[in-house]
Amino acid sequence: MGIPGLEGLHTWISIPFSFMYIVAVAGNIFLIFLIMTERSLHEPMYLFLSMLASADFLLATAAAPKVLAILWFHSMDISFGSCVSQMFFIHFIFVAESAILLAMAFDRYVAICYPLRYTILTSSAVRKIGIAAVVRSFFICCPFIFLVYRLTYCGRNIIPHSYCEHIARLACGNINVNIIYGLTVALLSTGLDIVLIIISYTMILHSVFQISSWAARFKALSTCGSHICVIFMFYTPAFFSFLAHRFGGKTIPHHIHILVGSLYVLVPPMLNPIIYGVKTKQIKDRVILLFSPISVCC
């Protein structure tokens, strides 16, 4: 494992990667703590945000420690079982986070298009949606394990990546079933999530532009700004990595594939808490209130 062609730069690459991982862990843990301890934030929008922060923390932690071990200590060995486990958890968390982003889009859709029905999104309903996202992700990703273990491996044991991806490429047999299942999952789960998110925001825009007041329009759309930024950050590098690996061929240098894949598990988890902290007034106000006693004491 590692980043082929950039071995001499591993130490330098580890510096920004370490910074991003520390910020991602600290930011998401703080966001979860803030939402769980502030009763005024116990609303559907923020409960979904706490789920997103949990998924971001887990996604970064599933990959980053091994990436940093490779970059720092040249610890490039990993057992097959550990590699499969890492692959499973990265895919599992990705699919679950995609479902959470869809749930957040639905939350904004109901809040803006049907505000009088927004009370249907109780804390109990939010918990059920969260459980459904986890269960869906589990059943989608479990077959990956069986598909990997069913293959025959003939001694090739080098994964040209900073974490465990594309394990099936090490097999010496036919991997068409694995490829077809991977494409099917990408299209029918994550792809469907994206389509439903687009539909939700199309309906939101339709409702917003029926409002005569520009101030009211801006206020309605401002509640969606953070979510839209997070959606673009989550899906864009993921699909670039997914499509470049399958169709990029030799047009994109291999180390670019690996760097984008590595940044994908660090940059969104790092930036999501910052985006919501800056763009969401309620969270910004609570952060200021939380630290104001410290400022007074100093």
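FYI, residue positions are counted from 1 along the chain as it appears here.
Cβ atoms here come from the backbone N, Cα and C positions, even for glycine.
Computed from a predicted structure; not experimentally measured.
If you look up Swiss-Prot, you'll see 1-14, 65-85, 150-178, 245-257 marked as topological domain 'Extracellular', on the strength of sequence analysis. The transmembrane segment annotation in Swiss-Prot covers 15-35, 44-64, 86-106, 129-149, 179-199, 224-244, 258-278 and is backed by sequence analysis. Summarising the annotation, Swiss-Prot assigns topological domain 'Cytoplasmic' to 36-43, 107-128, 200-223, 279-298 and lists sequence analysis as the type of evidence. Per Swiss-Prot, the feature disulfide bond maps to Cys83-Cys164.
Under the DSSP three-state reduction, Cys164 (disulfide bond) is assigned to coil, being neither helix nor strand. Highest Cβ pair count under 8 Å relative to the transmembrane segment (44-64), across stretches 15-35, 129-149, 179-199, 224-244, 258-278: 15-35. Most Cβ pairs under 8 Å to the transmembrane segment (86-106), among the stretches 15-35, 179-199, 258-278, belong to 179-199. DSSP places the residues of the topological domain 'Cytoplasmic' (36-43) in helix, strand and coil in these numbers: 5 helix, 0 strand, 3 coil. Each residue in the topological domain 'Extracellular' (65-85) gets a DSSP state, and the totals come to 15 helix, 0 strand, 6 coil. Outside the topological domain 'Cytoplasmic' (36-43), and at least 6 residues removed from its termini, the chain residues within Cβ reach (under 8 Å) are 50, 123, 282-283, 286.
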